[in-house]
Number of protein chains: 2
Amino acid sequence: MTNPTEPTQTQPKLARTLTRDLGQLEGQMVKLQGFVHARRDLGGVQFVVLRDKTGLAQCVGSHLSLPLPESSVEILGTVKAHKKAPGGYEVQVESMKVLSAATQASPLEIPKMEWNVNPETMLDYRYVSLRGLRERAALKVQGEIVYAFHTYLRSQGFTEISTPKIVSAGAEGGANLFKLDYFGEQAYLAQSPQLYKQIMVGVFERVYEVAPVYRAEEHATSRHLNEYLSLDVEMGFIDDEDDVMELETGFLSFAMERLGESCAAEFELLGASIPKVPQRIPRITLMDARALVTEKFGHQVGGKDLDPEAERLLCQHYAETEGSDFVFVTKYPRAARPFYTHADHQEDGSLNPDLTRGFDLLFRGIEITSGGQRIHDHAMLMESIDAYKMNREAMSGYSEVFKYGMPPHGGFAIGAERLTAKLLGIANVRYARAFPRDRNRLTP
Amino acid sequence: MTNPTEPTQTQPKLARTLTRDLGQLEGQMVKLQGFVHARRDLGGVQFVVLRDKTGLAQCVGSHLSLPLPESSVEILGTVKAHKKAPGGYEVQVESMKVLSAATQASPLEIPKMEWNVNPETMLDYRYVSLRGLRERAALKVQGEIVYAFHTYLRSQGFTEISTPKIVSAGAEGGANLFKLDYFGEQAYLAQSPQLYKQIMVGVFERVYEVAPVYRAEEHATSRHLNEYLSLDVEMGFIDDEDDVMELETGFLSFAMERLGESCAAEFELLGASIPKVPQRIPRITLMDARALVTEKFGHQVGGKDLDPEAERLLCQHYAETEGSDFVFVTKYPRAARPFYTHADHQEDGSLNPDLTRGFDLLFRGIEITSGGQRIHDHAMLMESIDAYKMNREAMSGYSEVFKYGMPPHGGFAIGAERLTAKLLGIANVRYARAFPRDRNRLTP
């Protein structure tokens with residue numbers, strides 16, 4: 001029963017248009033919604049740059065009362081081609097409604113923020129600094145990587161699992177654990193889902209998990225976080241660690257292709273390039289890698305692993321000689337790997353007491369993955385627990401399942417923030433996490 | 001440089017066949033890998049029921065040395081039609097290789113386990129009991145629900161986020177929090193990503209998260225867990241809570257359709273049915289719902305909400321009258337909702353001090369979702385914090401962002417385990433989580 005003499009509404013029910021779609025709507029009336037990214041009042045004419053999740057749109061009108069930046073607004077207007085506007089179009093405003101007014105000026109000028117300008121301030125005001133185009137681009141890219149992880153692994157027959165983060169003991173042996181009171185019992189935050197993903201191989205054969213993990217490391221570096229998002233994989237019925245490396249190569253190829261489709265604008269904004277993943281990522285044993293950086297670059301490598309400089313040089317070598325941003329470092333010595341890592345075989349078929357089937361993946365100068373084949377034989381696991389001078393009793397919650405026919409298996413874990421940071425050239429991994437936790441930061 | 005006189009391998013390099021595909025391979029040689037689910041030695045002939053992630057296969061051979069149940073094996077053999085075998089086919093074994101022998105008998109007979117038989121024992125030995133067909137079916141269904149959540153929300157323009165689980169204060173006000181020492185500071189495990197998902201609406205407009213949350217509830221019930229997987233959504237630029245309920249309806253339709261495609265066997269195994277999601281899920285205000293269960297069923301409802309019996313009766317009503325397993329209960333009173341819930345409007349357009357835009361979704365007799373529109377106006381939020389007798393200072397980490405133009409927004413959260421349990425008719429929510437944590441259980 002509509003009454004034809006009723007006044008027409010000033011804001012007709014129009015579906016929302018996203019700024020990225022303006023180019024297809026020239027001459028048409030559109031409804032935009034978003035945030036006041038920037039504004040300028042030239043007296044007779046006002047400009048508003050509206051920001052929505054897909055980009056920016058220049059809007060121009062007259063007699064507009066401009067709210068503070070970051071206010072949420074709804075704009076009705078007509079799309080016109082305009083060479084100087086971002087994207088080549090602007091919206092001539094018919095009306096602007098303030099949906100939610102900012103009540104004070106933002107502590108950071110969102111359009112003018114730059115990486116590494118006042119980094120602590122950027123983190124203190126993370127709840128607004130994340131609205132910056134570069135900041136949110138990093139998190140969007142990370143979201144795409146995670147979704148590619150889901151999609152690819154499911155296509156390979158993996159089942160997603162959810163394992164406890166409150167645990168009674170640490171999977172890696174006990175150092176660097178956050179302690180927790182669990183109804184009067186001592187508990188810890190899980191450093192990794194290692195034990196649980198291995199158990200789940202006995203259930204679903206191929207499993208993965210995307211979840212936070214915790215490291216109570218005291219030191220503050222540009223590559224560590226105390227809470228980070230771990231992309232974890234574990235697969236059963238493998239021949240050896242090659243199967244694991246092949247799976248990871250497949251995932252990375254798939255993910256980089258997806259990023260090319262969905263995040264080209266974000267990479268361009270950040271001046272970063274999407275790496276090509278070779279069909280076979282170069283592989284080098286740790287021993288050969290140490291020799292290579294000494295011989296080619298004169299760098300003496302300390303410790304039993306690669307130090308950060310050696311990682312950088314090794315990656316430089318493979319970028320120069322094979323054009324690869326990735327390299328697998330294989331056959332880690334036992335002393336540099338956790339107790340559950342499977343020993344490598346010697347030429348005569350017997351187990352090598354010194355070398356393992358553990359590997360790292362380096363990318364653009366830094367380790368982004370640890371992985372390997374795990375011990376599946378109960379007797380071998382017991383020997384390893386003894387050799388690492390660990391307590392059989394304390395590890396029984398872990399070791400018990402290996403009495404029940406665990407198949408040969410292996411897996412890997414990728415730190416989502418570290419991969420994102422290296423992909424985008426972000427110097428500090430904290431900027432690849434929405435609300436990072438570090439030694440001095442528990443808020444926001 | 002192959003040498004034609006070399007002996008042929010006894011185990012030719014054959015790709016693995018999954019048990020679900022046997023029906024397409026009659027007469028062919030296949031390689032199966034899996035666990036010894038059951039075994040039987042009739043002297044001249046031996047039977048092995050092999051279990052892999054896709055099902056069971058009866059394998060029959062002679063002179064087989066049978067390893068303990070749960071051992072991992074690889075079987076080469078020929079597929080034959082056999083009416084009495086599960087699936088209608090059996091494999092005539094040519095050779096069987098033990099990949100990993102169980103070294104002792106399983107504490108639970110996997111093929112004979114039933115729901116609710118020795119529930120505590122089932123949880124004590126979770127690392128093997130999860131291999132049971134019914135147990136793993138529950139977790140597979142949950143994995144499918146979670147993947148449907150990712151897929152559907154991305155199709156609706158949502159971005160996945162990862163927010164901190166170590167926080168400085170509770171989002172719901174402070175009760176039921178696990179305490180943590182964070183480098184000498186008092187910290188808590190997050191009860192919900194509420195604050196953070198709201199902040200992220202200012203960044204990506206539409207966001208979701210799949211992550212564990214924590215409730216330090218002392219009481220043990222069949223519907224609560226101390227750690228559970230929360231499926232969280234928050235969306236900006238909404239008109240009101242109807243937009244949120246429509247989105248949730250869309251997700252549920254999509255998820256149930258997906259389950260029909262991928263998990264029909266699991267529902268059949270558990271004797272459960274996949275519900276139809278009506279295009280418009282019935283809605284009733286809380287006040288009307290309370291009146292209805294009193295008038296129709298004579299049940300007096302205590303408190304300000306619905307009690308468990310009222311939830312059951314209300315669901316019974318909608319199943320009988322509208323054939324719907326779902327019902328939205330809307331317009332919750334302020335006293336039954338958290339401080340951040342948006343007030344409802346009265347007929348004259350002013351805010352109603354007593355009613356909110358909060359809703360619950362009930363499914364088969366139990367609440368599986370809380371949701372609603374949130375307060376986006378800073379002044380209104382301050383008034384609400386005062387009205388709830390909360391401390392403005394303590395809440396400033398939450399309230400600060402509302403000074404910067406937060407758009408009208410709302411969202412919901414679904415407990416993944418509770419939804420899974422109700423879908424499958426699992427009486428206790430603990431059996432819908434791989435490794436549940438409760439008042440008395442911190443292991444395995």
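Using N, Cα and C of the backbone, Cβ positions are placed for all residues, glycine too.
In the record from TrEMBL, residues B:Arg215, B:Ala216, B:Glu217, B:Arg223, B:His224, B:Leu225, B:Gly415, B:Ala416, B:Glu417, B:Arg418 bind ATP; the candidate from B:Glu160, B:Glu268, B:Glu367 listed for the same site is B:Glu367. Region 'Aspartate' is the annotation TrEMBL gives to one range among B:90-93, B:194-197, B:378-381, and that range is B:194-197.
In the three-state DSSP assignment, the secondary structure recorded for B:Glu367 (ATP binding site) is strand. Here the binding-site residues are B:Arg215, B:His224, B:Arg374, B:Arg418, and the one with the most other Cβ atoms within 10 Å of its Cβ is B:Arg374. Among the recorded positions listed (B:Pro86, B:Arg215, B:Arg374), B:Arg215 has its Cα nearest to the Cα of B:His224 (ATP binding site). Residues in the region 'Aspartate' (B:194-197) partition by DSSP class (helix H, G, I; strand E, B; coil) as 4 helix, 0 strand, 0 coil.
If you take the C-beta of B:Glu217 (ATP binding site) and look for same-chain residues 6 or more apart in sequence within under 8 angstroms, you find B:Asn176, B:His224, B:Asn226. When secondary structure is read from DSSP and collapsed to three states, B:Ala416 (ATP binding site) falls in the helix class. In the three-state DSSP assignment, the secondary structure recorded for B:Arg215 (L-aspartate binding site) is coil. In sequence order, B:Val49, B:Gly55, B:Leu56, B:Ala57, B:Gln58 constitute the residues six or more apart from B:Pro86 (site 'Important for tRNA non-discrimination') in its chain with CB-CB distances below 8 Å. Nearest Cα neighbour of B:Arg374 (L-aspartate binding site) among the listed binding-site residues (B:Glu367, B:Ala416, B:Arg418): B:Glu367.
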